[in-house]
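Everything below concerns the one structure shown next.
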């Protein structure tokens, strides 16, 4: 009896001491315990995602990759795997599990390794949200008390959902959704049992037990999880065996980017940081929907890069990127090649490769990610030697002339129906490019290419590169002339100018390119054929200051427009986006729209945080609505009208002729515009203008089609370097030779883009606005005629400006000439 009494007393003392100790610990740490009620409104750090307007993922920004999921969206097997491995008594304890700890301790003693977690899931959640990972007694005490508080606040289901979305699982992946994407490139619902078990085993050591770090460790840990699931009767023996037999592959899957638009993504990222701050932008799970259309963006990517590489290749091959081993040295092993090339960048569909052997008409190469491949002669016989921008060597007769074993080169795949059929020799271009597509009705930028490759160079040439625009400026000057009273039939003297510049003490002699002159020529032809001396004379008719002021209607700044007659030849400097904005005025019948890139921003719950409200074109009668907005002192939602509908129509007529020319070839009256290559589109609802700067340093094509304005630019980032010229190369399909220009160097990108963008878009009939007259004129004089033969044609005029004289009454003095400035001849 005495023994029993002593035992009871001892037990009572232990209980009292235990309770006292627990309360003592509790009151000691109480002031340091966080308010677990914050878990009710917790917002998990989730990266920002950037999408196209039609929902294609463009980019993801944020250190922590997380795909938040509801518990009901997670497979039952995943929940069971985590519970079996981390906390098999999860539904039986209240946050702290002494029995589980004891059992885990015995398991360690029995097996020598920890197959079961010592901390409950709730404790792990407490640690992840409120505590550090330092291994100290007081931290463990706090962890227990916080876990108990959490269990009182949240249901078991809520705790599980938070845990499975919060836990770190390696490779910047937080939560099971991100881990499924990172390791398997799948959504959680599509995981196999083996994949589920692998993810469920990661909380123990996510950095060292993931399959990318160690396939062996990941496999062993997965098998431990499967064994626990079998022990807990969550799976059958057959399911266990099948899951164990699944191979573990060490492959990392980043966020599944569906659309390549990195320059747009960077615009969105910078905009979000400026608007919301860096922390909120990167961690609040915002979904940013841009104005980019995935179809148009893919078309712009393809067109701009194909055109840039075509330019680069016709100028010749500059040689290998580097030499990995010399011909008389042992070749690298497949392991060396694979490891080396895996660390080299890939630029879009341009892959690094190593030359293994060279035959007379073929070469064997090792391509990054694709191993041994063969380059056929027809895929590399373009590679004559680059001498300088104006000179190329002779056509090669053998692959040995430009390739050797041990060289690192660049290759591109040829594809058919999505499958690779061959590999083509290529090179990283020295020149660069930009492309912009804009909706002229509201200013939405629907496609943007800022350069050859964002990884190669992050500078955005579409928005940041201010370049001389060359003849691209002429439509705006001719629009000013129409506003002044000139017409499409007005004759301007196409003759050389030689004017003395007193300030410089030299003669100024602007010339046509090519230097041919046709005498008195109609305004329509002058713009379509981009005649420089006519542009100068048109500028003089309007007046320099009046022209510069008029050009500000299109969004151009006065300080971008030189106060000299060189403005007529394109001495002004603008960005491709500004050019697209300017040409939108012609395309939309005279309205000024502002370019914008962000359509809306949604928070993780689908609520709209921001929605763009661009000023849109109003084609119907809006004057009553405008008066109403004025009375209410409210901003109008409509774009302001900056030129008349008639002016825009007549300018489009000249831009149409830049592509389609005019006259009849059968009667020797036919002529082409500088944009004639766009006739390949076989559409009569398009128009545009070439642009080539002095010494061909910049090449442009700017044009419109139904609902789209597109601008293509090609040039060197080094402003002093010109685009050069090439000799013919019969080994290049659709070869272009001679001096580079807007029509040769930029227009092909515009044509390829439009051919893709306008698929399934019906041709629009010409809409002639009110107050436009159509009369028959004489082709040579621009005066009225009664003749019905090839010497006559119909022309459009703003009502009241059509000619009143007939050709028989024509006298030479009706030709426009200028008295401004002293012309020597």
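The count begins at 1 with the first shown residue.
Cβ coordinates come from backbone N, Cα and C, glycine included.
Listed in Swiss-Prot for this protein:
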type	residues	note
TOPO_DOM	1-6	topological domain 'Cytoplasmic'
TRANSMEM	7-27	transmembrane segment
TOPO_DOM	28-825	topological domain 'Periplasmic'
REGION	48-216	region 'Transglycosylase'
ACT_SITE	86	active site, proton donor
REGION	413-752	region 'Transpeptidase'
ACT_SITE	471	active site, acyl-ester intermediate
Checklist outcome for this item: Integer Å value for the Cα distance linking the residue listed as 'active site, proton donor' with residue 471 (active site, acyl-ester intermediate) is 71
Checklist entry - Near residue 86 (active site, proton donor), how many other Cβ atoms are within 10 Å of its Cβ? => result 25
Item to check | Where residue 86 (active site, proton donor) falls in three-state DSSP terms | outcome: helix
Checklist entry - Near the Cβ of the residue listed as 'active site, acyl-ester intermediate', how many other Cβ atoms are there if near means within 10 Å? => result 26
Checklist entry - Once the DSSP letters are reduced so that anything not helix or strand counts as coil, what is residue 471 (active site, acyl-ester intermediate)? => result helix
